[in-house]
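Trainee: So Swiss-Prot lists these for the protein:
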- G79, 82-83, T87, 89-92, 107-115, S119: 5-phospho-alpha-D-ribose 1-diphosphate binding site (BINDING)
- G79, N110: anthranilate 1 binding site (BINDING)
- S91, E225: Mg(2+) 1 binding site (BINDING)
- R165: anthranilate 2 binding site (BINDING)
- D224, E225: Mg(2+) 2 binding site (BINDING)
Amino acid sequence: MRPLLEKIARGLELSLEEAYNAALAILKMEAGEAETAALLMGLRVRGERAFEVAGFAKALRETCLRIPVNDPYVIDTAGTGGDGLRTMNVSTISALLAAYLGVKVLKHGNRSVSSSSGSADFLEALGFNISVKPETALLMLNNHRFSFAFAPMYHPAMKNVMPVRRRLGIRTIFNLVGPLANPGLVRRQVLGVAEAGIMGVMAEAAGLIGYDHLLLVHGEPGIDEVSVFGRTMIYEVKGNSIDKYVIEPPELGLRIHELRDVVVSNPMESIEKAKRGLMGVDEAALDFIAANTAMALYVAGKVKDPRDGVEAVKQIAGNSNDFWSYVNNVAAVSRRDSA
């Protein structure tokens, strides 16, 4: 580890293999706490590079509890979190909607850190058992098109890093690689990024990892979601190619709203906001949901144009009983399993 620390201190980039070996040493507790803290802080201060993010992601994928997904069209909507703006849990409701509309979704996520409602909190409030075993997760995915992979359960080695991360109290490279380490090794994903400045690095890292189709999104005024409050910056990764562009709500056929209209204080408020949106009585919530679901449908190859995805969601608005029945049924299936 010391040669790597010296390399970082000199401002040099670690190779993918060096980063991978460093991450493995940390995850397997072969590195001391001081070395781990020094490496994480050194990378953050200098700025993480693509090979380093890819190397850490490779190690995290290797040490996870695997869900043996073989379908290349399964998607995820996990993001970095950390925007601190306490918006409704749109990535999870969008994942459920995408599944209802025919896409297989293996949602990877955790409890809230900086938001009012993390994906795990939101799903628990809906009645889901968030700790299903891999065989149940795969069964749910194949039979019901939706399953959840609770990050602490599927990445047990991460508990070895938590004491150092808590003491540091800042964003580290592990915040970046967590969303890139879905236990099903999905090849398609909408990945929200709270920190716009790292999107290019994450896009390059995703190209090294080997995604078929990945959308990195960062929306105004600083959310790790597709925004209906201003512009959304997007890095679109297909294999080794990366395209960068910006979209605005009117391009999706949506209005521009105020962020305060989708802020919630707890998971139950997030559910109520989603229900009101899909009833057609909360336009801001509906448009926020539609924009993010549209990108999930697009990355899955279900629609060729995100505007068609928006239209698919709008058709549910005002007549969402079947959708909520679907959600309740999937939640009931999850409760039959106990880890």
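Numbering starts at 1 and runs along the chain as it is shown here.
Cβ from N, Cα, C; glycine included.
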Trainee: Any same-chain residues 6+ apart from H108 (5-phospho-alpha-D-ribose 1-diphosphate binding site) with CB under 8 Å of its CB? Would you list them in sequence order, or say none?
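Mentor: Residues satisfying the criterion: D76, A78, F148, A149, A151, Y154, P179, A181, N182, P183.
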Trainee: Between the residue listed as 'anthranilate 2 binding site' and N110 (anthranilate 1 binding site), what C-alpha distance do you get in Å?
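Mentor: Taking the Cα atoms only, the residue listed as 'anthranilate 2 binding site' lies 16 Å from N110 (anthranilate 1 binding site).
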Trainee: Rounded to the nearest angstrom, how far is the Cα of D224 (Mg(2+) 2 binding site) from the Cα of R111 (5-phospho-alpha-D-ribose 1-diphosphate binding site)?
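Mentor: Rounded to a whole number, the Cα-Cα distance is 16 Å.
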Trainee: Let me know the most crowded of the binding-site residues, choosing from D224, E225 and counting other Cβ atoms within 10 Å.
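Mentor: In terms of Cβ crowding, the pick is E225.
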Trainee: Quick one: of T87, S91, N110, which of the binding-site residues has the smallest count of other CB atoms within 10 A?
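Mentor: Each of the binding-site residues T87, S91, N110 was scored; lowest Cβ tally within 10 Å is N110.
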Trainee: Within 10 Å of E225 (Mg(2+) 1 binding site) by C-alpha distance: pick out those among the binding-site residues G79, S91, N110, and say none if nothing qualifies.
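Mentor: Close binding-site residues: G79, S91.
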Trainee: State the Cα to Cα distance, in Å, between G79 (5-phospho-alpha-D-ribose 1-diphosphate binding site) and D224 (Mg(2+) 2 binding site), rounded to an integer.
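Mentor: About 7 Å separate the Cα atoms of these two residues.
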Trainee: Would you mind reading off the Cα separation of N110 (anthranilate 1 binding site) from T87 (5-phospho-alpha-D-ribose 1-diphosphate binding site), to the nearest angstrom?
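Mentor: Just about 16 Å between their Cα atoms.
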Trainee: Could you tally the C-beta atoms, other than its own, that fall within 10 angstroms of the C-beta of R111 (5-phospho-alpha-D-ribose 1-diphosphate binding site)?
Mentor: 16
Trainee: Take the C-alpha atoms of D224 (Mg(2+) 2 binding site) and T87 (5-phospho-alpha-D-ribose 1-diphosphate binding site) and report the distance between them in angstrom, rounded.
Mentor: 10
